[in-house]
Amino acid sequence: MAAGRPLAWTLTLWQAWLILIGPSSEEPFPSAVTIKSWVDKMQEDLVTLAKTASGVHQLVDIYEKYQDLYTVEPNNARQLVEIAARDIEKLLSNRSKALVRLALEAEKVQAAHQWREDFASNEVVYYNAKDDLDPEKNDSEPGSQRIKPVFIDDANFRRQVSYQHAAVHIPTDIYEGSTIVLNELNWTSALDDVFKKNREEDPSLLWQVFGSATGLARYYPASPWVDNSRTPNKIDLYDVRRRPWYIQGAASPKDMLILVDVSGSVSGLTLKLIRTSVSEMLETLSDDDFVNVASFNSNAQDVSCFQHLVQANVRNKKVLKDAVNNITAKGITDYKKGFSFAFEQLLNYNVSRANCNKIIMLFTDGGEERAQEIFAKYNKDKKVRVFTFSVGQHNYDRGPIQWMACENKGYYYEIPSIGAIRINTQEYLDVLGRPMVLAGDKAKQVQWTNVYLDALELGLVITGTLPVFNITGQFENKTNLKNQLILGVMGVDVSLEDIKRLTPRFTLCPNGYYFAIDPNGYVLLHPNLQPKPIGVGIPTINLRKRRPNVQNPKSQEPVTLDFLDAELENDIKVEIRNKMIDGESGEKTFRTLVKSQDERYIDKGNRTYTWTPVNGTDYSSLALVLPTYSFYYIKAKIEETITQARYSETLKPDNFEESGYTFLAPRDYCSDLKPSDNNTEFLLNFNEFIDRKTPNNPSCNTDLINRVLLDAGFTNELVQNYWSKQKNIKGVKARFVVTDGGITRVYPKEAGENWQENPETYEDSFYKRSLDNDNYVFTAPYFNKSGPGAYESGIMVSKAVEIYIQGKLLKPAVVGIKIDVNSWIENFTKTSIRDPCAGPVCDCKRNSDVMDCVILDDGGFLLMANHDDYTNQIGRFFGEIDPSLMRHLVNISVYAFNKSYDYQSVCEPGAAPKQGAGHRSAYVPSIADILQIGWWATAAAWSILQQFLLSLTFPRLLEAADMEDDDFTASMSKQSCITEQTQYFFDNDSKSFSGVLDCGNCSRIFHVEKLMNTNLIFIMVESKGTCPCDTRLLIQAEQTSDGPDPCDMVKQPRYRKGPDVCFDNNVLEDYTDCGGVSGLNPSLWSIIGIQFVLLWLVSGSRHCLL
């Protein structure tokens, strides 16, 4: 957070200016006393109007009158957070039991499985999840037979599923008819019975998945794969081994130093292959890992500003990708320099790191040097694994770099062409899994991931993972090791919605909420954890509605949002975060800044944070945040069915004329009553359900329904006994009332038909702001440059209803009005000229040539002006209307500001800033490379030739179909990015400000006056047309940004904790299998055919783009 509070000028300084230079016209500028008298009169008129027309006191009387219909219950924060934490523990524990059953069965079945080289025709029966996406696909591969399940719509999965079958997904670059795949399909079919049994024991289970180390994924229940017609080129790029949950479950955390050879021989195609390979390698790392990339020739250096290992989060990996994309090749190779540099950095324990697997990844075209003395010096005990990658087409002896890997418990890989990158940069996880397998039951610990986006469109989920080991003849005796392979990872999903149900919020008031964090400080649960959907860029109009949860099958990264980025950071929150990570319990009350729901405003409020650990899980702690006015809540006790029926009658659309246009918050009132985005439809369904089954039905949340009925009755009485009996009040376009229970009434009916606010009152920005303010809150409509004048809908004025029941403060509702802008302007103009003056400078005449009079709200948005051309800009940020004056208001402390970053945004390709350290979404090869068909043609031609010359004698058991990663579609998709937005707010108790805006050759006198009991200021200033000044716009709205400098952020990393256990070495490990001729290389004819397909796809894409 960046806050600006420049020193304010005093009234004395302003008076001195007036004496020295005088105003720009011959007539005197109105005195501060005169202006204040105008403002006081306007403020009195506005507050009286809002108070009288809204019926705020009348609603208080109604709540006090009917106290027999409700009780006031306490929100015991400590008790609530403890109960919720235990419920979450129980939920995750139940899911863990399902995982254990699956993992044990998988190991047992695979151990009993007899490997077969041949299968009879159609012997292996399974449902391929991608069958429905490719109607031209053959019904079956040799040895297999396809199942065609009958699917039904399922509300829990939000898609069609079949509980009778499991589905299989096989990556595009894996041949489905290969012997390995057929054997995998054969033995994993036994998991289907366990899947079904788990669901019988717990019908709320979501996806159950086994991800094989070979890339096959079997998941239950069966469901067609996502519609890849949404993806450019219709290429399915999913590989279970690259999903966040698989990466986390397959190996312990890693400290990785990637060492890149940039000598002169590494040039052209080889350098491009290395860049892509490093980028793919970075994608195999998660937030528990640490990484850096260094390059070397005759000298060694870091490729980026990072001078030590950094956390492998999304932002840091982007920095490294961009840096790698800019490396150049020159000089000669000195492996000693490179490895010395790598070991020194990798063994630096003075910085934050994973403190587990220590790895050096060498990417080179080969060489004659072995650097034995460096390994003898730094790695005598072989605690650091070295993996080597021979990249490109060359004639070097592979012996030296293969020796490096074999002598240092690593593995040697060859990447001769594009198609080998994807597989060979992820297979090192199998090697890191060896110590886990050898550790046996000690390593079989359920781990829970960060939040990420489910590939099958379930939304935001977390996944419990458990490694599955190959126990086939694992030990014949204590010393004769037979197997140390990881078969894969078992996963069970938990939807974030399931966790939210355990943290009920509808008694907390809209500004109360739960949140949970993991040991990295990332939030699992938080109202601001709302990533924007890929495919939706920065909106031209910032809607008040909260972003929907995202279903994006392309998302590979976890959705990582630090608690201190989810809220406005301060020292107390840093302390709370640290204590939560340490698993402590605690409570703290303090005053803090709060960003509004629509992210345009900053308010101040008292909050009490109460937190407790969530034991037995990977999530450190759960917290409950309550404002002072949420310590108690209303619990309705409408037991008589007659009263229930009378109140529900007021919700029927037929009664809108009498009761006002009514909106019902789309909540889960009953299990058989599904919320709808169509308000009228939902109201009809709600009333029909209540009439048929009564509010006391066992399938309903009785407290929720009774509260909504109570609010319906109270608000209807406000309409019937007060609003409807008032005569039409000039300047009032509408009246409204919004309640905690979920009722919104707008009167008259016609005004409700144009109501644009969120029917879910707990997510309504103006409602939440009103609760945190004691004043009347004026809210400007959203300005739309391309749309009609926003002012036509009126200015919203709202006020929280405060009641005290037995000394207990409650704010159960907000009332308000919408006022007509033209009437307001007319009224103020009359007010400002009641005392006639002699010249044009001394009042606020309509469309004055020399004087601008404006009213701004506490966010700096325009609400009223004496100029018609300003009127059409009502709702616009004033820094875009009169930027020089707005800057000056900041400089003299009328406004303070907060700059915040949104790490969950998406932007158009190329929209992100190009300068700075790597916050452009990096794809390697670059987009320019992708679109240059010559590069791909060269790559494919060399690859085909090399495969022909080198691979004839090394047919691969697992045949591959060459396919590049997401680089194909990068230039045609939205990209994740960082955006920044600045909120302005009052942070000064002074009521009046005066001064002179110096524009160099001229100046403008101004006076600012706050309107008491509101969130408004009045500004009278000499017209900007009389004195040209700085016209650079001051932007408040969301815009793309580099974000905080990552080079600075890694110097002071935030507090975190890694996993408690580490499996990085085992004395029984057999590391003689370290690559070489035993490696699995692509089949010749498969590679040749797919390389031509690759060329055709890319050239076709390029042709379409042209």
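Backbone N, Cα and C atoms are what each Cβ position is placed from, and that goes for glycine too.
Annotated topological domain 'Extracellular' per Swiss-Prot: 27-1076, in sequence order.
The feature N-linked glycosylation site is assigned by Swiss-Prot to ASN94 (among others), with sequence analysis given as support. The 10 Å shell around the Cβ of ASN94 (N-linked glycosylation site) contains 16 further Cβ atoms across the protein chains shown.
According to Swiss-Prot, the feature phosphoserine maps to SER121, an assignment based on similarity to another entry.
The N-linked glycosylation site annotation in Swiss-Prot covers ASN138 (among others) and rests on sequence analysis.
Positions annotated as N-linked glycosylation site by Swiss-Prot, on the basis of sequence analysis: ASN186 (among others). Sequence-distant neighbours of ASN186 (N-linked glycosylation site) (same chain, 6+ residues apart, CB-CB distance under 8 A): HIS113, ARG116, PHE119, VAL124. A helical conformation is recorded for ASN186 (N-linked glycosylation site) in the three-state DSSP classification.
Per Swiss-Prot, the feature domain 'VWFA' maps to 255-432; the stated evidence is sequence analysis.
Residues or ranges marked as motif 'MIDAS-like motif' in Swiss-Prot: 261-265. In terms of DSSP helix, strand and coil, the motif 'MIDAS-like motif' (261-265) has 0 helix, 1 strand, 4 coil.
DSSP assigns ASN326 (N-linked glycosylation site) to coil in the three-state reduction, placing it in neither a helix nor a strand. Under the heading N-linked glycosylation site, Swiss-Prot lists ASN326 (among others), citing sequence analysis as support.
Residues annotated as N-linked glycosylation site in Swiss-Prot: ASN350 (among others). Counting only residues at least six positions away in the same chain, no Cβ atom sits under 8 Å from the Cβ of ASN350 (N-linked glycosylation site).
The domain 'Cache' annotation in Swiss-Prot covers 448-539. Restricting the average to the domain 'Cache' (448-539) gives a pLDDT of 82.
According to Swiss-Prot, the feature N-linked glycosylation site maps to ASN615 (among others). In this structure, ASN615 (N-linked glycosylation site) belongs to neither helix nor strand by DSSP; it is coil. Under a cutoff of 8 A between CB atoms, and with a sequence separation of 6+ in the same chain, the neighbours of ASN615 (N-linked glycosylation site) are ALA85, GLU89.
Here Swiss-Prot flags ASN784 (among others) as N-linked glycosylation site.
As annotated by Swiss-Prot, N-linked glycosylation site applies to ASN891 (among others). In the three-state DSSP scheme, ASN891 (N-linked glycosylation site) falls into the helix class. Taking all protein chains in view, 16 other C-beta atoms sit within 10 angstroms of the C-beta of ASN891 (N-linked glycosylation site).
Annotation comment: Swiss-Prot describes 1077-1097 as transmembrane segment.
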Considering Cα atoms only, can you say which of ASN94, ASN326, ASN784, ASN891 is the nearest neighbour of SER121 (phosphoserine) among these glycosylation sites? ASN94
Which residues, sitting 6 or more apart from ASN326 (N-linked glycosylation site) on the same chain, put a CB under 8 Å from its CB? VAL303
List the helix, strand and coil residue totals of the domain 'Cache' (448-539) as derived from DSSP. 6 helix, 34 strand, 52 coil
Counting Cβ neighbours within 10 Å across all chains shown, tell me which of the recorded positions SER121, ASN784 comes out on top. ASN784
How far is it from ASN784 (N-linked glycosylation site) to ASN891 (N-linked glycosylation site), counting Cα to Cα, in Å? 28
Simplified to three states, DSSP reports SER121 (phosphoserine) as coil
Calculate the distance in Å between the alpha carbons (Cα) of ASN891 (N-linked glycosylation site) and ASN94 (N-linked glycosylation site), and round it to a whole number. 57
